Amino acid sequence: MLSDELKLLVGLGNPGTEYEKTRHNVGFMVLEEIARKNNCSFRESKKLFGRTCEYGSGIEKTRLLMPNTYMNESGKSVRSAKDWFDFQNNQLIVLVDDMDLPLGKIRVRSKGSSGGHNGLKSIINHLGTAEFKRLKIGIGAPSNDQQERKSKTVSHVLGRFSKEEFIILNFIIQEIISCIESITSNNWEKISTRLNSYKPDN
């Protein structure tokens, strides 16, 4: 069914060169690699409050969106895209960093709470529902101690990956792209299982 097909991929992050390649921007990084592989260039869209590009044609056309609103207002951009392109919530996948997952792990969910992530929280508020697909990419936590973790959260998510971490991340990004390219109207569960069980050394 058309309503089950992928229409919009949203990568969450913060705009600006000072945030490029930071852990919080891993969603942007995935979309940038997808765009590179499909020879499409991002362009500014004032009406969508973000940068967009598209590839494919007809019912296989997929749009990429990187909000320019900063993380906490990501929902404004996603809502604008939903209204403009007139797609259903189940045609949306949001790619987002997750500090509760170690680097190298992926979690796919078809719905759920924000998990404390301000970008997801904003999207849920603007769409009026938590029933949309999200792909959480582990970036690890700065500490196992809760108090220390809280004090170091901002510097951690706005910090950049080390060379060793980036090697692992690249495996993750390539696996995500491979799965996204194979999504059809009836294999989401299979894709979810594959990503949820993926290990970078596979």
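The count begins at 1 with the first shown residue.
The backbone N, Cα and C atoms fix where each Cβ goes, and this holds for glycine too.
Among Y19, Y198, the residue that Swiss-Prot places alongside Y70, N72, N118 at the tRNA binding site is Y19. Under 8 Å, Cβ to Cβ, and six or more positions away along its own chain, H24 (active site, proton acceptor) finds L12, G13, N14, M71, D97, I139, V157, L158. The tRNA site is defined by Y19, Y70, N72, N118, and by the 8 Å test on Cβ atoms against their centroid, the other residues of the chain that qualify are N14, H24, T69, M71, E73, S74, G119. The binding residues for tRNA are recorded as Y19, Y70, N72, N118; their greatest pairwise CA distance is 16 Å. Annotation for N118 (tRNA binding site): spatial neighbours M71, N72, criterion Cβ-Cβ under 8 Å with sequence separation of six or more. DSSP assigns D97 (site 'Stabilizes the basic form of H active site to accept a proton') to a strand in the three-state reduction.
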